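Everything on this sheet refers to the single structure shown next.
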Amino acid sequence: MDISDLMSRLGVEERYYTRGPLSVTTPIDGSELAQVAPDDQSVIDEKIALAHDAFLEWRSTPAPRRGELVRLFGDELRKHKDDLGQLVTIECGKLLSEGLGEVQEMIDICDFAVGLSRQLYGLTIASERPGHHMRESWHPLGPVGIISAFNFPVAVWSWNAALALICGDTCIWKPSEKTPLTALAVQSLFERAASRFADAPQHLSQVIIGERAAGEQMVDDPRVALISATGSTRMGREVGPRVAKRFGRVLLELGGNNAGIVAPSADLDLSLRAVCFAAAGTAGQRCTSLRRLFVHESIYDSFVSRLKAAYASLPVGDPLQEGVLVGPLIDKAALDRMHYALDRAKAQGAAITGGEHIGDKGWYVRPAIVEVDEHDGIVLEETFAPVLYVMRYDELNEAIALQNSVPQGLSSCIFTRDVLEAEQFLSATGSDCGIANVNIGPSGAEIGGAFGGEKETGGGRESGSDAWKAYMRRQTQTVNYSTALPLAQGVKFDI
Ligand code: NAD
């Protein structure tokens, strides 16, 4: 597949993607797209130094001015949405509408960040001492290291970068080694925006090309104030302690094992569509993909037989083609992991429908429905593929307890028209996840809310709401505007 025209329209010079030992392939047909050169240790060191120097300047630029840069960047994304969306699809294999949707999400977070750049509010706090005033100020934090996963190759970076930039931070991005091309394209668009911004310091945003070791170097560098890492729980388990060791800040967005409950009162047509999109859509390669489904005993047989029929008719194929709903897995390793999971499920006595490898190019599979009796073993693990474990339940309490009894805590949902059930699911004794939905599948979040999950998902929150606070440092300030020096808590210290 020739991407040179696309890359040239996105402003990426050929030398960045035609030479180097790291081969980039498309999951669409497995062919090689490009060869990129990983940055060596000294280049990474230099990039971090440049990001640090740029931060020292950028932190003094007024926040609404910083917002103006993000506005210009959003304009570039609008202009190049079609090309960038197509490149996302070619590089990671999601449907074209999803590739375009990812770029739209970038535009949305830019808009959000522009507004936020005038709303980085602190509190004023009543002091217990006369003639004193307390307040809380939010200051820029420092360079932010962003590690991203292959499955959201550009949107996740933008959730971090748009907020970090308006907060006065600079960004160093280590994209997935499977998707460096989209990162190079985004960097080029960002540089275009920066060139239109009077007085922007250079090197506000940089990309590090490399594999795990490149990420580790950034993780260990004390100049990087915050590491925001998106990827597997395995990766987070390594990154978290390394950053803690140097007392850096960490924001982790890790794996999920997301569940849905279909209650007896549910709108079953709506539930069916939602389940199909959430479990089979994006070939099950969203962190929020639906992986476990609890269906009430009274509707189990009819619902699951409709689900199987819907799965059998899902068009699987080239994600650039209109009408296709399920694209490829990212690579052969992902296919092997899916088959490993299905073998383990079979050994646990599961009944499997689908799951076959399709075709001889690319890594296409028929999404699998796996009916299990026991909520145990492989069901408790995240398999990053379209595998949906389906189980029966009698009592809602029991379904919620099972839903919560996995190590991950990202996203969850219930389909019900019973307000008592819906509120129970959303209450303190309901879902233990960072995201809980009613009559919507667990995937497909909007940028306005804080995104992230609990337990082994890492506890981080990105994107909307007050997630911006992670990118700033909070300072509590007390000003004495009297001539006396009363001490707090009535302490006496007269000299
Ligand atoms: P991965 O963990 O293999 O890689 C993610 C990134 O981490 C890559 O850039 C990789 O180079 C880097 N990395 C790996 N080990 C590292 C280390 N020790 N130090 C520093 N960097 C390291 O994940 P993947 O296969 O690209 O993506 C799929 C996983 O990501 C799934 O588990 C999915 O649930 C998760 N994910 C989570 C979210 C979320 O927001 N919670 C979003 C997208 C993907």
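Backbone N, Cα and C define each Cβ position, glycine as well.
Remember, TrEMBL labels are computer predictions, not curated facts.
Annotated features, as they stand in TrEMBL:
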DOMAIN    22-476  domain 'Aldehyde dehydrogenase'
ACT_SITE  Glu253  active site
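Taken as a whole, the domain 'Aldehyde dehydrogenase' (22-476) shows an average pLDDT of 98 in this prediction. DSSP gives the residue listed as 'active site' a strand state. Counting only same-chain residues six or more apart in sequence, the Cβ atoms lying under 8 angstroms from the Cβ of the residue listed as 'active site' belong to Val156, Ser228, Ala229, Thr230, Gly231, Cys287, Phe451, Gly452, Gly453, Thr457, Gly458, Gly460, Glu462.
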